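Participant: There's a structure below that I have some questions on.
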């Protein structure tokens with residue numbers, strides 16, 4: 001256990017949103033302090049962190065001071081600029097490692113990596129201009145979806161092509177950014193596996209949850225998912241293969257489409273994941289603590305599921321329903337301390353917990 | 001629901017130990033900020049609070065500035081000096097209220113209050129000098145225990161009298177402080193009820209837990225407790241009677257001795273309580289959130305117990321067992337971020353959670 005970060009050590013977290021907030025709480029529970037690095041002022045994670053640096057990812061002095069003040073660095077979002085990571089990594093270990101970030105920052109790199117592991121993704125082709133888009137349409141077919149290769153999330157930087165006629169409009173939506181055309185696949189539902197890998201190489205996966213999206217944003221995750229035992233085993237083994245291949249340390253979210261022909265990987269996120277929020281009220285050790293355990297060199301904890309849970313995201317004006325939800329039986333609320341309830345903004349979530 | 005403190009409001013917490021720490025996390029989960037007031041530097045609660053004031057309870061300027069910065073004031077320990085409370089209460093509401101504090105700050109006031117409600121306590125008599133001690137021994141009998149009326153906890157400020165011969169030594173131990181002689185009673189075990197009362201007067205009690213002490217400090221709390229259904233009902237009704245009589249708002253710990261003749265009240269604590277830590281992993285809404293809900297004017301949440309739990313305190317060098325506990329199945333660790341593991345110091349706790 002000599003790799004364990006001593007009590008009182010400081011875990012640096014890049015990003016100060018709700019994921020950083022819940023990571024901070026988990027770190028405290030294990031006896032650590034956290035230092036948040038976040039460009040935006042008054043980040044949700046700052047309310048429960050020991051320290052906050054408000055500075056951009058281009059501010060080399062602030063990055064250096066941050067790195068000097070912490071013992072290990074992790075992140076709550078994957079789009080940290082490469083130059084900032086170079087600078088940070090020169091001073092302190094970054095977990096999960098750079099390869100996980102490189103792969104997940106670029107949709108094409110991610111799909112190449114996954115298919116290289118023998119996993120199945122939706123058909124895809126790189127798009128940089130109208131010629132390559134036409135070739136991609138010929139290869140992938142329509143309907144399809146064109147996405148920027150970088151920096152897209154929650155439906156942003158995406159355009160649908162019902163037919164080849166939509167090519168011009170979709171390409172214009174990319175604003176000249178490198179893109180990837182993804183074919184649609186026929187799936188019955190989406191599940192995700194929250195997988196963790198420790199510094200010692202041990203892998204532990206949470207029971208897969210079933211996701212329902214609304215307006216391109218996760219709406220609910222339901223445990224147990226509608227999966228056969230064989231599918232459940234496939235999902236977990238597939239996630240473990242990804243983590244091992246990356247020599248990954250931490251928690252990863254792996255989104256899967258369930259099809260009659262097997263599981264197809266939709267995307268991976270090298271961090272704690274919205275579809276893993278149910279673990280806060282369904283397991284002795286939740287995804288946030290599991291991530292901190294991995295990053296801090298602890299053995300992974302017991303993530304077995306003790307209850308059935310339905311996690312519901314509270315988006316924008318859903319926050320107005322909190323007084324009603326607060327009176328519900330079985331309801332565990334988790335609010336993010338965001339002041340302004342903009343449309344599409346994740347304001348909190350509720351885990352509804354019932355016996356298995 | 002108009003009494004609900006708006007999101008983003010600041011809850012002031014007097015005391016920065018582990019109880020304040022876990023209250024801060026619960027407050028954040030409901031969308032509030034916390035401001036800790038604590039005389040000692042680098043308090044555990046500070047790691048997860050938005051703001052910390054390090055100042056004494058005699059520092060009127062700091063108290064006023066603290067009160068001005070918060071929307072409501074609560075506390076994690078009951079021995080806040082009266083003058084400080086006067087000053088704070090002039091500016092902002094204190095919940096639970098002053099009467100609860102006055103009663104629990106003085107062992108004799110507490111016992112007078114409880115017996116006045118028709119509840120049973122161990123026999124007791126006030127002691128200020130050798131004459132009153134001799135009279136108290138005649139009334140209460142021996143063996144007995146002499147305790148200072150104020151500021152005692154976890155076995156401090158206490159002396160045992162095996163017989164009247166110990167009177168002189170016991171009195172000397174009080175250092176001239178007003179004291180109370182408590183008779184021993186014959187009980188089979190100790191339980192405690194963690195009871196909550198909302199701003200609207202609604203009362204909700206957690207399932208009673210069974211406590212085992214070691215060296216005068218709580219060692220374990222086990223759920224379910226060894227209680228008949230009738231005893232369980234008695235315990236909960238009795239706790240509700242106490243809270244209603246005090247027009248109490250918040251969570252209270254009520255320690256009870258189980259005897260063949262019924263339940264005897266050992267003591268009450270007007271705050272979240274060590275014997276309620278099991279609720280963190282046994283209920284949708286734990287005692288810390290329940291307290292914040294009450295203080296912030298929310299409806300009380302669902303505190304029904306979904307699992308069996310054994311809470312074990314990690315005292316002093318017990319912290320060295322953490323690496324081993326971290327690998328246990330069913331174990332949920334909660335560490336307090338204290339740097340130095342002094343003997344008798346509460347360093348953390350572990351909840352071992354199994355299906356009901």
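Keep in mind that glycine also has a Cβ here, set from the backbone N, Cα and C atoms.
Unlike curated records, TrEMBL annotations are generated automatically.
Under the heading ATP binding site, TrEMBL lists A:107, A:147, A:152-158, A:182-185, A:190, A:213, A:266-267. Per TrEMBL, the feature domain 'ATP-grasp' maps to A:111-296.
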Participant: CB neighbours of residue A:107 (ATP binding site) within 10 A?
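Facilitator: 23, counting other Cβ atoms within 10 Å of residue A:107 (ATP binding site).
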Participant: Are there any residues at least 6 positions away along the chain from residue A:185 (ATP binding site) with a Cβ closer than 8 Å to its Cβ? List them or say none.
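Facilitator: The list for residue A:185 (ATP binding site) reads A:122, A:123, A:257, A:259, A:264, given in order along the sequence.
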Participant: For the binding-site residues A:182, A:266, which Cβ has the most other Cβ atoms within 10 Å, all shown protein chains included?
Facilitator: A:182
